[in-house]
Amino acid sequence: MTTKKSKHANKFGKLILSDGTVLDGMGFGYSTTVFGEIVFNTGMVGYTEALTDPSYNGQILTLTYPLVGNYGIPDLDAVDEDGISKFFESDTMQIRGLVVHELSQTASHWNLKMTLDEWMYNEKVPGISGIDTRAITKKLTTSGVMMAALVVSDEEIDVEKVKNELANITTYNSEKFMDIVSTKEEKIYGDENNSVVVIDTGAKNAIVRNIRELGYKAIVVPWNTPFDKIMSYKPKGVVLSSGPGDPQNCPDTVDTAKKLIENNIPTLGICLGAQIIGIAGNTETYKLKYGHRGQNKPCVNLETNQVYVTSQNHGYGIKPESLEKSDFKLWFANADDDTVEGIKHKTKNCIAVQFHPEAAPGPFDCKYVFDELKKLMEK
Ligand SMILES: NC(=O)CC[C@H](N)C(=O)O
């Protein structure tokens, strides 16, 4: 067992919301000011995976579990046999800032290499503790998600100055994330003859790992790779990955998805990928009031009437009423609020889920969605 103490905590910290709310707390991690969409996640564990999930790029993440950081951070350099990070979902911290109720001052775990606070300091990301995360959650569920500023400083904070800056920043909805999160060049994992192309709109490592577990070479390509280029790899199937931002901001990927459907290429969309596939197949997307972020979201598979507990992290969705005139039928529905959680093309080999079958963090109940892709590829 290794134990370490936080070193960069107890700074000045303020969280300022665009509705004018100012919350006082203790700053930790890196001293800086960031702006982003404030969201909340109800998962009890998994901050190492969540903080490195590219889907959180541009967001200030509130963790509702009251004590965060107690198991520290594992080895950043540990990789599996394919060279994919063992414990993290991408190579960098993706969140803009972190909001917690209590930061564990001491972290203990057999696999610990550093504290959360130290990792955030190294990654130049600010955090704030001592915040009533329950009050934030109530506010966001009532008013909807909003933009916010998080300031961590070694000196007193000028709130009015930050409020003025916050009033003038670009909102999350119109931010363009693809050039930040997507790979610049193709990346190949494995040497099998049969391959799956993963279109990287902010892919998590766990998605690539699941393709490897199916027994296929994984070829990860940039978000705007054209259809013909994808076909030049002669893939058995294609995965459209999860990722940050509004799916309407990925027109190039929508265009590729249209051609994948037209040509009946076995395709699986995950989260942002599902929304992109939805748009390609004539559904419409919309912004949810406060999204689904957690690891215990119940979804019904309408083909079997079986309920699964799923991991989720999204703020947009496919409009249920737009399905009727589209090329898709409903596959999964959210048991809490009836939102669209999965779609299947009426005639082509194309499936998509709004939740995360790869989990990371979260339950593995829906890993079988990858087997569904395999069935389409081996048909
Ligand atoms: N995890 C994801 O892929 C998120 C998709 C999209 N950015 C949303 O918030 O809905």
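Just so you know, the numbers here start at 1 and follow the chain as drawn.
The backbone N, Cα and C atoms fix where each Cβ goes, glycine too.
Residues annotated as region 'CPSase' in TrEMBL: 1-196. According to TrEMBL, the domain 'Carbamoyl-phosphate synthase small subunit N-terminal' annotation covers 11-151. For S55, G243, G245, L272, Q275, N313, G315, Y316, the entry in TrEMBL reads L-glutamine binding site. Feature annotation from TrEMBL assigns active site, nucleophile to C271. Per TrEMBL, active site is recorded for H356, E358.
With respect to ligand 1, the active-site residues C271, H356, E358 contribute C271 as residues with a C-beta closer than 6 angstroms to one of its atoms, given in sequence order. Per DSSP, the secondary structure of the domain 'Carbamoyl-phosphate synthase small subunit N-terminal' (11-151) breaks down as 26 helix, 54 strand, 61 coil. The full span of the recorded L-glutamine binding residues, S55, G243, G245, L272, Q275, N313, G315, Y316, taken as their largest Cα to Cα distance, is 13 Å.
G315 (L-glutamine binding site) counts 22 other C-beta atoms within 10 Å of its own C-beta, drawing on all protein chains shown. Within 10 Å of the C-beta of G245 (L-glutamine binding site) we count 27 further C-beta atoms, all protein chains included. When the neighbouring Cβ atoms lying within 10 Å are counted for each of the recorded positions (C271, L272), the highest count belongs to L272. Nearest by CA distance to G315 (L-glutamine binding site), out of the active-site residues C271, H356, E358, is C271. Taking a C-beta cut-off of under 8 Å and a sequence gap of six or more, H356 (active site) has these contacts in its own chain: K204, A206, S242, I270, C271, T310, S311, Q312, N313, G362, C366. Geometry remark: G243 (L-glutamine binding site) versus E358 (active site), CA distance 14 Å. Distance from the CA of E358 (active site) to the CA of Q275 (L-glutamine binding site) is 17 Å.
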